[in-house]
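Novice: Pulled these features from Swiss-Prot for this protein:
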{"type": "TOPO_DOM", "residues": "1-5", "note": "topological domain 'Cytoplasmic'"}
{"type": "TRANSMEM", "residues": "6-26", "note": "transmembrane segment"}
{"type": "TOPO_DOM", "residues": "27-62", "note": "topological domain 'Periplasmic'"}
{"type": "TRANSMEM", "residues": "63-83", "note": "transmembrane segment"}
{"type": "TOPO_DOM", "residues": "84-90", "note": "topological domain 'Cytoplasmic'"}
{"type": "TRANSMEM", "residues": "91-111", "note": "transmembrane segment"}
{"type": "TOPO_DOM", "residues": "112-145", "note": "topological domain 'Periplasmic'"}
{"type": "TRANSMEM", "residues": "168-188", "note": "transmembrane segment"}
{"type": "TOPO_DOM", "residues": "189-194", "note": "topological domain 'Periplasmic'"}
{"type": "TRANSMEM", "residues": "195-215", "note": "transmembrane segment"}
{"type": "TOPO_DOM", "residues": "216-237", "note": "topological domain 'Cytoplasmic'"}
Amino acid sequence: MIKNLPQIVLLNIVGLALFLSWYIPVNHGFWLPIDADIFYFFNQKLVESKAFLWLVALTNNRAFDGCSLLAMGMLMLSFWLKENAPGRRRIVIIGLVMLLTAVVLNQLGQALIPVKRASPTLTFTDINRVSELLSVPTKDASRDSFPGDHGMMLLIFSAFMWRYFGKVAGLIALIIFVVFAFPRVMIGAHWFTDIIVGSMTVILIGLPWVLLTPLSDRLITFFDKSLPGKNKHFQNK
């Protein structure tokens, strides 16, 4: 019997209900006005403020994606520096299991969710596009934006940090999620619901089976025993 089965099932039900609330209604029901209002709010700001235009352009440049990796790495490094050799090895392996989980859940989400939709910049007409307002390399459109893979990866990182490093680390990771995921919404490369519905659906249905069961701990133990360079065994928390 899985110890946290009631919580896992509850989270799965919430995730499924969230997705169906968006998927079943014609034109996505109450979600579409929310999506449209958020898109047009930020889209109008692009021509009202040059500073905002540049902010959105720069935060959707590929280099900014590298900054998100740096932020995640620095947070994990802050814990790594405090550990001895076995503890440091453990943190590296947690990162490996986190990456493996992110890849698997992202692929499953893309394959199993029966949705393909273009970003709002490719859906609405008579709108402002950063790529047309500035000659700066930036991502302002996507032919298939659902679910939001970038947001999904950052949410998985947040959950792992919470699970293995505590609430404070989890909250800092959530701040990183907001800072690096929502510029995609501001520029129009993603709908708000790509993240709030799409990414969250995959997280609520898939991730509990990794973090609320012994699976993640067993994977960490497996890699600790299998990978070279091991000096001491460690115990999972």
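Note: Cβ is positioned from N, Cα and C throughout, glycine not excepted.
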Novice: Hey, which of 63-83, 168-188, 195-215 has the most Cβ-Cβ pairs under 8 Å against the transmembrane segment (6-26)?
Specialist: 195-215
Novice: May I have the DSSP-based helix, strand and coil counts for the residues of the topological domain 'Cytoplasmic' (1-5)?
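Specialist: Summed by class, the stretch gives 1 helix, 0 strand, 4 coil.
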Novice: Would you list the DSSP helix, strand and coil counts for the residues of the topological domain 'Periplasmic' (189-194)?
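Specialist: Here the numbers are 3 helix, 0 strand, 3 coil.
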Novice: Looking only at the topological domain 'Cytoplasmic' (84-90), how are its residues distributed among DSSP helix, strand and coil?
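Specialist: Going by DSSP assignments, the topological domain 'Cytoplasmic' (84-90) contains 6 helix, 0 strand, 1 coil.
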Novice: Going by DSSP, how much of the topological domain 'Periplasmic' (27-62) is helix, how much is strand and how much is coil, in residues?
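Specialist: Residue counts for the topological domain 'Periplasmic' (27-62) by secondary structure: 31 helix, 0 strand, 5 coil.
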Novice: Cβ under 8 Å to the topological domain 'Periplasmic' (189-194), counting only same-chain residues 6 or more beyond its ends: which ones?
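Specialist: Same-chain contacts beyond the flanks: 22, 28, 31, 34-35, 38-39, 60, 117, 119-121, 139-142, 145-148, 150-151.
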Novice: Which sequence positions outside the topological domain 'Periplasmic' (112-145), separated from its termini by at least 6 residues, show Cβ-Cβ distances below 8 Å to it?
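Specialist: Long-range Cβ neighbours of the topological domain 'Periplasmic' (112-145): 19, 23, 35-36, 39, 43-44, 46-47, 53-54, 56-58, 60-62, 184, 187-191, 194, 198, 201-202.
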Novice: Could you pull out which residues elsewhere in the chain have a CB under 8 Å from any CB of the topological domain 'Cytoplasmic' (1-5), counting only those six or more residues past its ends?
Specialist: 208, 212-213
Novice: Could you tell me what the rest of the chain brings near the topological domain 'Periplasmic' (27-62), counting residues at least six beyond its ends with Cβ under 8 Å?
Specialist: 21, 120, 124, 127-128, 130, 133-134, 136-140, 183-189, 191-193, 197
Novice: Could you put numbers on the helix, strand and coil content of the topological domain 'Periplasmic' (112-145), residue by residue per DSSP?
Specialist: 8 helix, 0 strand, 26 coil
